[in-house]
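One structure is given below, encoded as C-alpha cells.
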Ligand SMILES: [Zn+2]
Ligand SMILES: [Zn+2]
C-alpha cells in the first residue's frame, strides 16, 4: 500500500519535463529553513514574475543588508552566464578584439595579475569566472548568513566589472541584448539594484534601460551628477570627452582597469 504524504520536495528529479521544471508552490520566507533561504526567496520572486523588479529587490523584514546584496549579486552572475552563452554566438575575438562599449573606453580585464586587454568574449568569461571565484571564496565569504563589512565592500567592484558585459552587449550586439532582456529583464534589475544599494556611480550606467535615465537631454550619460561621486573624477561616458580625463582608479581604489581610447 502506498502511503501518501503531503511533503513537497523542491527538487527537479532526473527526467523532469520542461513544463514541470521548478513547478512547486511558493514558500513564505519564515517557512524557509535552509541556510540558503535568501537565495531561495530571491529565485522564487524571479520565477513568479521577472519583470517585477521592485518586488524582487524588496528584502524581507529584518534581513541583513550585506547578505541581501551578496545573494543578489550571486544571482546576477549566474544569470549573466546565460547572456554570455548567447554572446558566444556572435561575439568573437576577431570581430570584438577589445572590451568596449561606447567609443570612449577600453575596459581592461582584471582577472589577470596585470589587468590586460582581453577580447570582449574573453573579458566576459574571465570576469564571470573571477566573480564566481571571489563570491565563493572562503576567505572573503565564508558564510552566507552573515558577511563582514570588509567583504561587502568588494561587491561594488564586482558589479562594475560585470556591468560591462551588459554595456558591450547593448552597444555591439543589440538584437541579442534585447532578446535576453525580454526573457529576463536582467539589465533592468541589475541597474535598479546598483542604484538602490549605491554600488555603482550613475555615470557608469551607460545602458539606458530605466525611464529615469532618459530624463534630461536623452544622452546616456547622467550629466546632473557631474562626476562628483565617490569615484572621484571618473566619468564613464561624456560626449566631447574634454572633461573625461582624470583618475581612473576603481571604486575600491586598487586596480586601474579602464583606459581611454585616443588622446588620453
Ligand atoms: Zn562583441
Ligand atoms: Zn582576461
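A Cβ is built for glycine as well, from the same backbone N, Cα and C atoms used for every other residue.
Source: prediction; values computed, not measured.
Here TrEMBL flags 91, 96, 168, 173 as Zn(2+) binding site.
Structural mapping of features recorded in TrEMBL.
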residue: 91; record: Zn(2+) binding site; DSSP (3 states): coil
residue: 96; record: Zn(2+) binding site; DSSP (3 states): coil
residue: 168; record: Zn(2+) binding site; DSSP (3 states): helix
residue: 173; record: Zn(2+) binding site; DSSP (3 states): coil
Same chain, 6+ residues apart, C-beta under 8 Å of the C-beta of residue 173 (Zn(2+) binding site), given in sequence order: 87, 90, 91
Additional residues around Zn(2+), ordered along the sequence, whose Cβ is within 8 Å of the centroid of 91, 96, 168, 173: 87, 90, 95, 120, 121, 124, 169, 172
Other CB atoms within 10 A, centred on residue 91 (Zn(2+) binding site): 22
Cβ neighbours of residue 96 (Zn(2+) binding site) where a neighbour is any other Cβ within 10 Å: 20
List of residues, in chain order, with Cβ under 8 A from that of residue 168 (Zn(2+) binding site) and at least 6 apart: 87, 91, 96, 99, 100, 101, 120, 123, 124
